[in-house]
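Here is the structure we will look at.
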């Protein structure tokens, strides 16, 4: 559940080109009259504001950035340190990280709203760093050690850190919020480029796996320490606002368009991360040179950076559903292109295209949910509830893919078809939800 102050203003951008349906106009009127902070009270910049953005980007780089780099660990564990375990068993480690990253958003978001921001960052950083250094001490062929340190420990630390660091910049920006939030989210793609290159080079050098992870841990220690100094809250918490509305979940469960949208996003998330986890292993097992495979994940994440920014700009004009559905549909169709991507050039082309088109969904899934808010008081709970549901898709999707591969045969066709169909079915449900929203709002700009 995200911050009230961050999320209440996202509803303003739901309708493009200034043409807002009556429901959204009432939301905006409420913002102008009842919000504890008016537009003019936001700094919209300044040293403190941009330091907060920088700190948030550092945290996202350490959390979501390393999650998007799990393909490096998947490849190393499958071929070297945990080779007696199936790809499905190994992918549970990364999937559990993703699950906790989203699932812990419910309690961490609530604690953030109640004014415990600095406690969350401090505790999350300590748990995260402790678990990273414990991972560097794990012994080969000890699956439970790796799962407890990387899957459970690092995952819990990520969950405590991620949402608060993403929310805090919204306290400084309103008119320029898209720019500020884009800078924070960019940390994920930046980490997804830097971490795989660094880890691959160190793991395959005399340093080995242990010192590769320690090097990552020391850099994370620096980044998280700086972020703790840079990020500061500016607005009152829920505890300090007696007029804060109660949090109610029941109305969401009977909102049919909303639940269809959540279901669509669930299926999309179920299949979307397959290339992020398995593309490096795919290249390694198809005879691509090792000197090239270490750059596959960075290329994928580098392209995702543009996919997380350019479509967001278009969505402000044409509507969020109108942008996210075609972009994600193309991503689902592109998965079938993996059948022909068996050379270096083919894999590069796939990584660039898939990274770009899948990046749109990763950055716009949460803002898409705000379209359903009937008032600003509903925005936070709708996103928090949706993220909790998404976490179960992220938990199970990649282990299912690993089971379908059936190592050591590696039946790639089974996993590719499953994930592509899940993404496309999710897009179909999103299209149904979009049609219902457009009819209710009386406009196609949704």
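Quick reminder: no glycine exception, Cβ is built from N, Cα and C everywhere.
Nobody curates TrEMBL annotations by hand; they come from automatic prediction.
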#### Entry: Stated TrEMBL location of transmembrane segment, expressed as one of 16-35, 116-135
116-135
### Query
Hey, which of 90-109, 147-166, 211-231, 323-341 has the most Cβ-Cβ pairs under 8 Å against the transmembrane segment (385-405)?
90-109
### Task
Six or more residues out from either end of the transmembrane segment (292-311), which same-chain residues have a Cβ under 8 Å from its Cβ atoms?
65, 68-69, 71-72, 75, 182, 185-186, 188-194, 196-197, 200-201, 204, 275-276, 279-280, 283-284, 323-324, 327, 344, 347-348, 351-360, 362-364
### Message
Counting only residues 6 or more past its boundaries, what in the same chain has a CB within less than 8 Å of a CB in the transmembrane segment (347-373)?
### Response
2, 7, 10-11, 13-14, 27, 185, 189, 255, 257-258, 261-262, 265, 268-269, 272, 275, 279, 282-283, 288, 296, 299-309, 311-312, 315, 320-321, 323-324, 327-328, 330-331, 334-335, 337-338, 341, 379, 382-383, 386-387, 390, 437, 446
### Segment-segment contact (the transmembrane segment (252-272); the transmembrane segment (411-432)) at 3 or more Cβ pairs under 8 Å
yes
#### Entry: Mean predicted confidence [pLDDT] for the domain 'Major facilitator superfamily (MFS) profile' (49-438)
89
### Query
Going along the chain, which residues at least six beyond the ends of the transmembrane segment (323-341) come within the CB cut-off of under 8 Å?
268, 271-272, 274-275, 282, 307, 311, 314-315, 347, 349-350, 353-354, 357-358, 360-361, 364-365, 368, 412-413, 416-417, 419-420, 423-424, 426-427, 430-431, 434
